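According to TrEMBL, the signal peptide annotation covers 1-19. TrEMBL lists 29-219 with the feature domain 'Aminopeptidase N-like N-terminal'. According to TrEMBL, the domain 'Peptidase M1 membrane alanine aminopeptidase' annotation covers 254-474. Taken from TrEMBL, the feature Zn(2+) binding site applies to H324, H328, E347. Residues or ranges marked as active site, proton acceptor by TrEMBL: E325. Look at TrEMBL and you will find Y412 tagged as site 'Transition state stabilizer'. Annotation comment: TrEMBL describes 556-679 as domain 'ERAP1-like C-terminal'.
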Amino acid sequence: MLWLVLCSVYLVIVPVVTANGRLSNNTLPLHYDLHLEATGLGLHDYTYRGNVSIRIAIVSDTNEVVLHNVGNTLESICLRRCRDGETISHQLLESEPASELLRIRTDRILRRADDQVITLTIVFHNTLGEDRMGFYRTQYRGARRIPMAVATTHFQPSYARLAFPCFDEPGFKTTFQITIVANGSHLVASNAPIATVTWLQDGHKAVRFERTPPMQTYLVTFLIANFTSVHTVSPSGVEIGILAPPKDEKSLQFSLQVATALISSLEEYTGQSLGLQKLDHVAIPRFGNAMENWGLVAYDEQFLVLSAKAHRLQRAQAVLTIGHETAHQLFGNLVGPAWWSYLWLSEGFATYFELLLGADAYPELLPLEESFAVRHMHPALMADAYEQHPLTVEPLSANTPEIETLFDTITYSKAGCILRMINCSIGEEAFQAGVQNYLEQHRNGIVTPEDLYASFFVQQRKDEPTVEQMFRSWVDKPGYPVVTVERLNGSFVRFRQQRYHNQEVTTQDITSRWFIPITYYTNSSLGQYEYQPAFWMKETDQELVLQLEMNTQDVLVVNPRQIGFYRVEYDERGWSSIVDNLTTLPSIMQAKLIDDAFVLARAGLVGYELCLEMLQELATSPDPVPWLIAMAEENIGYLQRVLQSAEFDRFLTGFVGEMFDLAGNVGRTLLQSQALDVAYDWWSRLAASFIESKRESSIRPRACLPTPVQEVVQALVSPDDHVRERLFVRLKCLPKQSNEPSVLLLALERIRAANLLTPGKLFAVLESLIKSDPGRFLPPSVQFLSSVPPEEASPVADRFQRLLNLIVHEVTDRRQAAQVRRLMVKNSSILPANFLPHASTVMTSTISWRMKQVPKLREFVHDSHMASIYEREGHQ
């Protein structure tokens, strides 16, 4: 009878195979019983033993059971039929190591009708690694700074197979019963609440957890550590816990408060319960960012452990991160994507709700509209300018490095922006109803984008697209449009759309069209068209002429609240009106207009003189939101690098100083704190030449001490983005004639030689390094890449191509262009056939533009006396 109970079927979901390297549909996991023993953690013994029993349904007749296994040493394998316990003889097949597959060939055909359900039991052992993948170890400093070991997990996207044999794909969603044997003094936690604790010999204990809801392997987690914890209960009855290395409990209270408030807001908005009795948030030493393990979310300590005097930036980042991972408990965990092709269904909703929930609970920290513009809209538009990938990526292989490339700005920020655009287009009530229906219909299941689209029931006007058409227009292809706005006679306006390209193109793209929600602001429109569309441009519309609510003297701003995921180009009359009225517009509009102007200027669609005129206007009324957008590396950063103008640098120095004054004169908001942080970064670059003035002597540049190579290595390989960003700031503030770039080059070579990062992750680090300051970090990056053989880059060719595409658009002189061409010729075997000629055209065009335009721009700066704007008392 017991055997029959153990072999009962809980849930069967058959995933759809869409790409090579995927597991077959012949067998399907129904339930895991996982038993792990890690009793030597406090004795420097990092080995562990385990056994896993997987209940498996025979979906179609087969003589193979295929699952994943990496690094686990198998001691025994047993197959038995569930209904009578019959042993099924088999043999283990050899697999290619790179395949990560465990193939078991049975001596007879497993038949769906006769065998139905079997149990696979595997006994294995392994060792806790240190590379933050699978079941691994880390440590913190305890009393008297004694190292204290922690055993924990990181399984996304495909690392559960490193910890135990399993069907390690997101389409397989099933229940888990986990038992951990550990030292009796350790705290032991997992996804579900503890069911029983059994005390064993030698001071050990066996902790058995309750059965989990159906979930994917990448969400499984366990923790063994000497941690402390604080708890409370949410209004809906969910036990909320904060687990961390021994701390003053007061330092955990803010995150406990945030976690409780945000889960309540999420449940209220969605109408869905969590699906678990408890939700723990655990601070893992040197974890990096965060991971949404269902019921036991992992974070870097900085997001959960905050003193009473924690900076506003730290508190805001904690709210955003906890909000993101809390949203995942429903979007991704309760309802999960059927394959990594649809990762945006998980990350897009988490990105959207991190700000929606955070701004609702903590409006003083996170003003919703402004935070969305700075945190997501600007970086998403910049990232999507380079032809990368659509949100839905099909086909997509089971290659882990290829899957990892999708965890990027497109999947997170662009997806969040598209969801916000759909919300504003159909209205909050219809959007909320669709989200609630989506979660209710697919609770505990897996989904594709079509499931999301079908969840919305919206009565659209005849001239409006359906919700599915809205989504597909933006989800199924990369890039975004530029809407050109031409004011005609009276109140008539001509609209055109074409795909944005980040350089001049010889032939227009006439195939990429979008359903575009057109919102606008005029002095006469009284704000009624700023959020919900006044009308739509259809995918069939290349040009449209319409009458708007405005008179001839009105300023016209299209997409004023940054709802639509597109840029706007105006005719000369339109831009002139905008410049004249810039300081009278809300800061969110200023930010949008400045961002569009800079980006269109870089693509050759408008002149940089327009950007300089807008900067002069902005200087008279500084505000953190447009200031942050203007001072982005892609905007003023690029202009400052190519101009190389002392007068422009003097203007920027005064411009930066305005932000110090603003931060000191008003209460510190999140965006003001961010602006101050960016101001310090720019001050470090600019202040050396202008150190004599009184105000500058009171605000010293950050110290620029030499950085040891090993410290650079440790920061670059850190999973924590903030650690790398702090390193970049240190490197950027050094004089360019220092030897720091050579130290960086040496660090990169050490990382590669010691295999401290996979090629894909190393290329991602280089990408973020170059974006932080191309003028400083492009040369050593190109020099380093020249030493990497093509066979190392080949497995992640898409990531390598993406990095090269970034480099190509940052080249500003012939010497750099020649180096980059040699690099591309060397790697021509792994690049598309047309990549080199296209890249050469882009670099030649950039260099030609610089030779013709930079002298004119320097003359404009001189004639407009930009530097003299701050040449007054205290503003030299």
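Cβ coordinates are placed from backbone N, Cα and C, and glycine is handled just like the others.
Curation plays no part in TrEMBL annotations; they are all automatic predictions.
Quantities reported herein were computed from a predicted structural model and do not represent experimental measurements.
Recorded features from TrEMBL, shown on the structure.
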{"residue": "H324", "record": "Zn(2+) binding site", "Cβ contacts under 8 Å, 6 or more apart": "A290, E292, A350, T351, F353, E354"}
{"residue": "E325", "record": "active site, proton acceptor", "Cβ contacts under 8 Å, 6 or more apart": "H281, A290, M291, E292, V297, Y299, A350"}
{"residue": "H328", "record": "Zn(2+) binding site", "Cβ contacts under 8 Å, 6 or more apart": "E292, V297, S346, A350"}
{"residue": "E347", "record": "Zn(2+) binding site", "Cβ contacts under 8 Å, 6 or more apart": "G332, F407, T411, Y412, A415"}
Counts by DSSP class (helix H/G/I, strand E/B, coil) across the domain 'ERAP1-like C-terminal' (556-679): 89 helix, 6 strand, 29 coil
Cβ-based neighbourhood (8 Å from the centroid) of the Zn(2+) site, residues H324, H328, E347 excluded: E292, E325, A327, F331, G332, S346, F349, A350, T351, E354, Y412
Y412 (site 'Transition state stabilizer'), number of other Cβ atoms within 10 Å: 25
Per-residue pLDDT averaged over the domain 'ERAP1-like C-terminal' (556-679), given as an integer: 89
